[in-house]
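Take a look at the structure set out below.
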Amino acid sequence: MAAAEPMGPAQVPMNSEVIVDPIQGQVNFEDVFVYFSQEEWVLLDEAQRLLYRDVMLENFALMASLGHTSFMSHIVASLVMGSEPWVPDWVDMTLAVATETPGGSDPGCWHGMEDEEIPFEQSFSIGMSQIRIPKGGPSTQKAYPCGTCGLVLKDILHLAEHQETHPGQKPYMCVLCGKQFCFSANLHQHQKQHSGEKPFRSDKSRPFLLNNCAVQSMEMSFVTGEACKDFLASSSIFEHHAPHNEWKPHSNTKCEEASHCGKRHYKCSECGKTFSRKDSLVQHQRVHTGERPYECGECGKTFSRKPILAQHQRIHTGEMPYECGICGKVFNHSSNLIVHQRVHTGARPYKCSECGKAYSHKSTLVQHESIHTGERPYECSECGKYFGHKYRLIKHWSVHTGARPYECIACGKFFSQSSDLIAHQRVHNGEKPYVCSECGKAFSHKHVLVQHHRIHTGERPYKCSECGKAFRQRASLIRHWKIHTGERP
């Protein structure tokens, strides 16, 4: 086994080439690692150090998921423990080229050799590579849940190893083009292609990219450029001026240099929209041409994009690969799982710009906004009546058809809507799912709870236009209005 000369972290050349095996496409962890001296490290604040740690650990997880588990084990261990990343005095920095062994080590990989006299307390492994953590490490660590099956792992290294048990599972999907990824970081990098955002913004960050461009030949990219920019840009010690022509992420097309400069060269002749990639333009043009080249073999339905066809086919196969880690409910689309999880988190990301009311679904916000705009886009073809919500039109349509397909098995009463049947059944079972947060009183219908809650808030939204008197309930306003009209109540 041939050994190289000892090398400290400050001696590592920042613009060294990535070692790539021409057959295997081997990429080493050292090639995407950012080195700091102790003097450089103290200039970073806490947020920058945490960002550094997260970026490096995610890079390692990506390496491990690809089966490339070569790394400097003492540095990865210090990242897991949250300690400083520079090389301690007790570490023997002798690097050796590992030969192929019966244990299955990858040929041509670099492995860090530690001092055998240093006592260690914990150890854990990824594949054939083992990390040992010194005594005195933290007793508690952050939990890392698997985005595919919900299993919670104790560290990111075990998570990376576990995710290899889900072949072909890519839970992170781009909502613009349907492309799927194993890691959220890859999705984030991919989305910059749609937004036109430049992945690497200045020559200042070049020394820390460690020729990340060479890694782009693989299917998964590493989080080094954009994420590192946030803490590199704040410190003047990282200034490095290099001519633009030294940095060549690609080599063949004319558009690649323009893409690095943030330009978009592929323009749609129909609407003028521009794209940085030709395949994105081709997909977009199907909006104008109506082309749907991907056909479902089961039902014959066609789609403009292959990932959408794959999602559709789960209707026929019954496949439900996305499971909620909290309640166990399964879904056929990752987007449905994301929307469902808002039930548990209470997240309401869609906010009305007029009144500030927030909703968990975008469609609900659109329906709500019609209250402010007065828009009623849904017209009944029978009587010409307009409605602000589509579901109200559907409900109204039963007036003309007389259809009441939903029957109560307790009393035989029929209803035109399933929601009306569910609400009616509470008369029989006594269920009162809507509880007042102020006094604890429960109600069988949500609108009754809303009316009751106004007792606590003092809200009186229904105002008489004649005398100005306000009421908590609409029915009370209608009864009051008869005083002015002279109509007998």
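Every residue gets a Cβ built from N, Cα and C, even glycine.
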Given ranges 2-24, 25-47, 48-70, 462-484, the stretch to which Swiss-Prot attaches the annotation zinc finger: 462-484
Contact set, same chain, for the zinc finger (350-372): CB under 8 Å, 6 or more residues outside the stretch: 339, 342-343, 388-390
Summary of DSSP states over the zinc finger (294-316), given as helix, strand and coil counts: 11 helix, 4 strand, 8 coil
Mean of pLDDT values spanning the domain 'KRAB' (27-98): 58
